[in-house]
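These notes are about the structure you will find just below.
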Amino acid sequence: MRAGYSIFLLILSLTVCNAGKLSNTFYKNTCPQVEKIVREIIQIHTRNNPSLGAQLIRMQFHDCFVRGCDASVLLDTVSNSKAEKEAIPNQSLGGFDVIDDIKAAIERVCPKVVSCADILALAARDAISSPFKKSMWSVQLGRRDGRVSLATEISGNLPSPFANFTSLVQLFKGKGLNVNDLVVLSGAHTLGDSRCGAFSRRLYNFTSKGDADPSLDPTYAKILRKKCPNPASPAITVEMDPGSSLSFDNHYYDILLQKKGLFVSDAALLTDKNSNKIVTRLQRSRSLFFTAFAKSMKKMAAIGVLTGNAGEIRQNCRVVNPGKN
């Protein structure tokens, strides 16, 4: 009797210990089709929207850096409390409709089982991976969804395009990420574009004397001034990685070393000796970048996750479940 009871307690304790962990096989018994469903829907959408990878990886980043990876960025505004997606840095996010499509498809097969946070993590990975016909990194699952989303929490949690190296390091350290992660994850800037307002100060009035940022290549600055007249128009966008903004590769580090990084925060990576060395290593090897990116994404996707009984499994990614606060 005592031996049997001891075994029961051991099994119970192991179950409790594992309840809060992410796992590659989390939905093995409850929704084994989940990754196939996400992958197939992403493949359909990327055919019509080749920039989807840039949109979803940015969405995941913005989600995880505020309240952790809990899909709070997906929630719509309720009453007078503006949600995260209403904050200025998030107003240019795209891909919410794709997440909605995936969630609806999964709910038809596995209702109330798969979290929106896990869907976002899988969708971002698969949108980046689609051109390669293979998964570029593994995604551990088991996140649960948060119930709170506040636009007021964006400031100070998302890295600013105007940030210097010290500010970036401090912000990433607060999220459990190091300098290597900072440089590696910045490589995602090889995808997508940016509104002129995020960098126009570098072109026209960097030190309040009508001058340009000396850390920006002068010839490239002239090209950017032609594309982005002063004052900056929110309707005009520029590739973050010129000529390679639809390709996931290590080309970002090429343009960085050419002093063509678009943001102050990009140029900041060259102001530190250690960071500069990491940039150079990643620039020399695409395979090294892919391997490093996979490792840093695993860390980033685990920031502040809700597991076990925390949070909820939203039935609609845009709203919390009925009866929840």
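Any Cβ shown, glycine's included, is placed from N, Cα and C.
Curation does not apply to TrEMBL; its annotations are automatic.
Since this is a predicted model, take the numbers as computed values, not measurements.
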Cys317 has a disulfide partner in TrEMBL; which of Cys110, Cys116, Cys196 is it?
Cys116
Regarding the disulphide bond with Cys228, report which of Cys110, Cys196 TrEMBL records as its partner.
Cys196
Disulfide-bonded cysteine for Cys69 as listed in TrEMBL, from Cys31, Cys64
Cys64
Around Asp63 (Ca(2+) 1 binding site), how many other C-beta atoms are within 10 angstroms of its C-beta?
29
Counting other C-beta atoms within 10 angstroms, the emptiest spot among the disulfide-bonded residues Cys110, Cys116 is Cys110
If one looks at the chain holding Cys228 (disulfide bond), which residues at least 6 apart in sequence have a CB under 8 angstroms from its CB?
Cys196, Phe199, Ser200, Leu203, Ile236, Val238
Output field, Ca(2+) 2 shell: CB within 8 Å of site CB centroid, site Thr190, Asp241, Asp249 dropped
Gly187, His189, Leu191, Ser244, Ser245, Ser247, Phe248, Asn250, His251, Tyr252
Pull out the binding-site residues from the set Asp63, Val66, Asp241 whose C-alpha sits within 10 Å of the C-alpha of His189 (heme b binding site).
Asp241
